[in-house]
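Visitor: TrEMBL feature annotations, pasted as is:
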TRANSMEM  A:6-26  transmembrane segment
TRANSMEM  A:38-59  transmembrane segment
TRANSMEM  A:79-98  transmembrane segment
TRANSMEM  A:110-127  transmembrane segment
DOMAIN    A:142-207  domain 'Golgi pH regulator conserved'
TRANSMEM  A:147-169  transmembrane segment
DOMAIN    A:277-446  domain 'Abscisic acid G-protein coupled receptor-like'
TRANSMEM  A:288-310  transmembrane segment
TRANSMEM  A:343-368  transmembrane segment
TRANSMEM  A:380-402  transmembrane segment
TRANSMEM  A:422-443  transmembrane segment
Amino acid sequence: MSFLVDSVIMFTSQVLFFGFGWLFFMRQLFKDYEVRQYVVQVVFSVTFAFSCTMFELIIFEILGALSSNSRYFHWKLNLYVILLVLIFVVPFYIGYFVVSNIRLLQRQKLLFACMVWFTFMYFFWKLGDPFPILSPKHGILSIEQLISRVGVIGVTLMALLSGFGAVNCPYTYMSYFLRNVTDSDILALERRLLQTMDMIISKKKRIAMTRRQMYQRGEDQNKQTGFWGMIKSVTSTQTGSENLSLIQQEVDALEELSRQLFLETVDLQATKERIEYSKTFQGKYFNFLGYFFSIYCVWKIFMATINIVFDRVGKTDPVTRGIEITVNYLGIQFDVKFWSQHISFILVGIIIVTSIRGLLITLTKFFYAISSSKSSNVIVLVLAQIMGMYFVSSVLLMRMSMPLEYRSIVTEVLGELQFNFYHRWFDVIFLVSALSSILFLYLAHKQAPEKHMAL
Amino acid sequence: MASLDRVKVLVLGDSGVGKSSLVHLLCQNQVLGNPSWTVGCSVDVRAQDYKEGTPEEKTYYIELWDVGGSVGCASSIKSTRAVFYNSVNGIILVHDLTNKKSSQNLYRWSLEALNKDSSPTGVIVSNGSDYDREQFAENPVPLLLIGTKFDQIPDNKRNEVLTRTAFLSEDFNAEEINLDCTNPRYLAAGTSNAVKLSRFFDKVRVQRREVIYSIPLEIDPTVITACKGNIVYSVNIICIIIWCSSLAQIKVILREEQYCLF
């Protein structure tokens with residue numbers, strides 16, 4: 001009986017998450033496009049719903065809601081469905097939509113889509129070889145094989161995103177890094193941009209006039225073909241078309257210049273707006289946060305280095321360690337069991353919410369930057385794949401942040417994976433990503449004032 | 001004198017509707033082989049014959065400014081784009097017939113462009129983003145509506161799409177053309193589309209001339225009433241000089257093409 005009640009609760013919450021994913025897709029992602037293939041929207045919402053259900057199950061685990069049998073059952077069910085979606089459904093549809101964009105392969109869409117899927121499966125399988133992620137007692141078709149590979153991809157993505165985010169966040173928040181931009185700089189650049197456009201126009205007018213005259217005089221625009229044509233073109237001087245090609249080259253160079261000037265002007269406008277924003281109250285608040293985050297970022301990089309160098313894997317989670325410190329060193333006595341449950345619930349809740357929100361915002365920005373009307377379907381499906389893998393591996397890594405008694409369900413459900421390996425891999429990629437972002441931002445920051453000075 | 005010869009027409013629309021292909025088709029009479037994203041603004045010129053076949057035939061070069069981007073993008077991009085909207089003589093609004101949202105975004109595009117219009121007699125649209133049909137009825141800047149990807153609409157949906165675009169062109173008080181940018185047949189000489197296009201460009205030229213002629217008429221009263229003392233005297237002299245020179249300009253142009261304004 002309780003199993004039925006629990007299932008109803010789970011199902012209702014899944015429907016809620018599905019609705020939220022649907023709304024997010026319609027309102028945010030596909031704001032400027034028309035949804036013609038509803039399959040894409042359904043697949044995206046289903047991936048989102050099942051990923052959020054996994055987080056919900058962790059919360060229920062900590063709170064002790066629902067009976068543990070039904071929790072276990074739902075964990076397994078959820079895991080199977082998510083793996084099915086991530087490994088079979090989404091890649092197949094990605095292949096299908098990619099193939100439908102290519103005109104040549106319109107006839108045998110399904111066949112080519114299946115071929116793409118098989119290629120994906122081959123590389124997916126090969127991914128597991130260089131990593132020591134499995135113990136030999138697992139068979140070939142066990143669920144652990146699939147999860148371990150999904151986990152590797154997801155953990156790599158997580159580490160890349162958090163490395164870049166940890167460095168970029170203080171860089172954008174703090175106003176120390178803002179360059180000084182005055183209105184006259186912007187006006188000067190805009191004037192240059194308009195002058196360049198005027199030069200392009202006058203050159204294009206010349207080309208059009210010359211073309212018209214040549215057409216009216218009956219000269220052939222195309223190069224002379226054939227044997228006699230070649231001989232003729234050697235002897236006679238076609239000054240008209242030579243001039244044209246020279247002017248055309250100048251026009252190409254000027255167009256490239258106008259694009260550069262446009263991008264620089266956009267950059268300066270954005271910096272000016274940020275300077276204005278930093279003078280407001282909100283801006284000052286974010287500036288202060290930026291200092292705080294930069295310290296946190298430095299500490300994280302330091303810890304990652306220590307973990308790798310000393311080959312250390314943390315055994316206890318931050319909640320238990322924090323409680324230990326307060327009890328042992330600060331001498332404050334309180335009910336450990338009660339507080340550890342609530343604190344870990346709050347901590348895990350915060351981690352979940354911020355990671356979901358952060359990922360959705362990053363995906364939206366990414367989508368706006370690279371999508372076009374032809375490729376929007378494919379890109380949304382790729383984003384759904386990334387989102388699913390990200391959420392699965394964040395469950396994997398979150399195991400470390402929970403006290404021992406809650407870890408058991410995750411260990412039981414996901415099977416005997418080498419969790420230590422995943423944490424080590426996360427640290428390595430995080431370090432690499434953070435250091436390369438620092439280098440990249442440093443170079444970009446250095447280059448910008450030089451460009452600015454050269455104007 | 002150089003500014004008299006410039007006719008500037010903006011080509012606006014969402015990203016991916018086919019503005020660059022359209023501009024290439026209009027100016028080079030060829031289909032664009034490899035369309036890629038427009039960064040900033042790309043300009044091209046179209047040679048348009050005025051009064052073709054008559055002895056007063058003249059060739060005008062119309063500048064088509066293809067401004068890229070989306071209507072909901074960052075404000076830094078919007079303020080940079082505003083640089084291109086100065087002294088515009090005509091606007092071509094491009095939308096994708098297979099995508100309803102691109103048609104709806106055209107209202108915002110037109111408001112963005114008209115709000116920044118700094119030509120002296122242009123009607124300045126007052127407040128932000130509220131759309132008002134009245135504003136477009138009095139608008140002196142001619143508009144043209146072009147729907148692209150006409151060939152991608154299946155036959156059974158064609159009527160529905162055409163009714164929708166008819167409503168749109170009524171709202172903007174503009175003519176509409178529906179075509180496929182990869183097929184020059186739609187704009188071949190003699191088709192109704194080609195006629196609408198040349199009518200639009202003629203309207204643009206005529207409006208431009210009215211703008212230039214009306215400037216001296218407006219400066220006099222405001223400048224004179226705002227000044228006092230002997231400043232009024234010198235300002236009067238200056239105004240008379242401007243008036244005479246513009247009359248001289250008018251006379252020169254009238255002689256050139258026997259266009260009767262008064």
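Cβ coordinates are placed from backbone N, Cα and C, and glycine is handled just like the others.
Quick caveat, the model's predicted, so the values are computed rather than measured.
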Visitor: Sequence-remote contacts (6 or more beyond its ends) of the transmembrane segment (A:79-98), Cβ cut-off under 8 Å?
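Guide: Cβ under 8 Å, 6 or more out: 37, 39-40, 43, 46-47, 50-51, 54, 109-110, 112-117, 120-121, 124, 143, 146-147, 150, 377-378, 381-382, 384-385, 388-389, 392, 413-414.
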Visitor: Report, as numbers and ranges, which residues of the same chain sit near the transmembrane segment (A:6-26): CB under 8 Å and 6 or more residues beyond its ends.
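Guide: Apart from its flanks, the transmembrane segment (A:6-26) reaches 35, 41, 44-50, 52-53, 56, 66-67, 70-71, 74, 360, 380.
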Visitor: Give me the stretch from A:38-59, A:147-169, A:343-368, A:422-443 with the greatest number of Cβ pairs under 8 Å to the transmembrane segment (A:288-310).
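Guide: Out of the listed stretches, A:422-443 contacts the transmembrane segment (A:288-310) most.
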Visitor: Should anything in the same chain at least six residues away from the transmembrane segment (A:110-127) have a Cβ under 8 Å from its Cβ atoms, list it; otherwise answer none.
Guide: 87-88, 91-92, 94-96, 98-99, 149, 152-153
Visitor: DSSP says what for the domain 'Golgi pH regulator conserved' (A:142-207): how many helix, strand, coil residues?
Guide: 59 helix, 0 strand, 7 coil
Visitor: Below 8 angstroms Cβ to Cβ, which residues of this chain, lying six or more residues outside the transmembrane segment (A:343-368), approach it?
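Guide: That would be 24, 28-29, 52, 55, 58-59, 62-63, 161, 165, 317-319, 322-323, 376, 379-380, 383, 386-387, 390-391, 394, 398, 401-403, 406.
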Visitor: Across the domain 'Golgi pH regulator conserved' (A:142-207), what does the mean pLDDT come to, as a whole number?
Guide: 83
